[in-house]
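If you check Swiss-Prot, you get these features:
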SIGNAL    1-20  signal peptide
DOMAIN    26-137  domain 'CFEM'
DISULFID  54-94  disulfide bond
DISULFID  58-89  disulfide bond
DISULFID  68-75  disulfide bond
BINDING   72  heme binding site
DISULFID  77-110  disulfide bond
REGION    165-219  region 'Disordered'
COMPBIAS  178-192  compositional bias 'Low complexity'
COMPBIAS  193-209  compositional bias 'Basic and acidic residues'
COMPBIAS  210-219  compositional bias 'Low complexity'
LIPID     230  GPI-anchor amidated asparagine
């Protein structure tokens, strides 16, 4: 009777095993296979090459403070002490999009290992520190952008001022040159007019001198003629006087 009971139990167990294998309800087949080795650890290996440089040293955390095998990705993802150490390091060394990249990769690797939400389990204080690191970089970027924009506007204004000043100086210089040219032309015209007046005066003076000389010459000629005429009359008068004297004596 007892042997029959043992045989029945073994048969039932074998039937259950065959049934479970044939219908595919083995719970372990629902999870991905896990490599039981890692060069760094089960968390870091698959994402290391995609991490920003600031986070690569952070994921090289020791797994000795966890009950997990160092190669077990899923186990490491749910250990706050392990994930928290990585998160603190990232918050101190990375900023902005670098932080976002690390969190995205961590979520992806933990989700792939079969871990449910929130996938990468870290303390809330570490989560806050990561958020501040990301936001601080965004604020810094905004300030830098505003500073660069202001500098660009200042440079543009300065260039405009320089151009305007140069244009003004150029116009002033052109005006000055034009004024000097006009003044020179006026001076030349005045000198030309003076030269003409001087020439006319000299010509008039020469004409007057010539006229005076001609008048003087005419007068001299007339005087000489008169003297010559008088000289011609003198013998006649003298002869007449002699004749009169003789007549008186007789």
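Glycine is treated like the rest: Cβ placed from N, Cα and C.
Its Cβ taken as reference, residue 89 (disulfide bond) is surrounded by 19 other Cβ atoms within 10 Å in the chains shown. When Cα-Cα distances from the residue listed as 'heme binding site' are compared across the disulfide-bonded residues 89, 94, 110, the shortest belongs to 110. Cα distances from residue 54 (disulfide bond) to the disulfide-bonded residues 68, 77, 89 are smallest for 89. Taking a C-beta cut-off of under 8 Å and a sequence gap of six or more, residue 94 (disulfide bond) has these contacts in its own chain: 52, 54, 55, 102, 133. Comparing CA positions across the disulfide-bonded residues 58, 68, 89, the one lying closest to residue 77 (disulfide bond) turns out to be 68. Within the same chain, residues at least 6 positions away in sequence whose Cβ sits under 8 Å from that of residue 110 (disulfide bond) are 73, 74, 77, 119, 120, 121.
Taking the domain 'CFEM' (26-137) as a whole, pLDDT averages 91 in the prediction.
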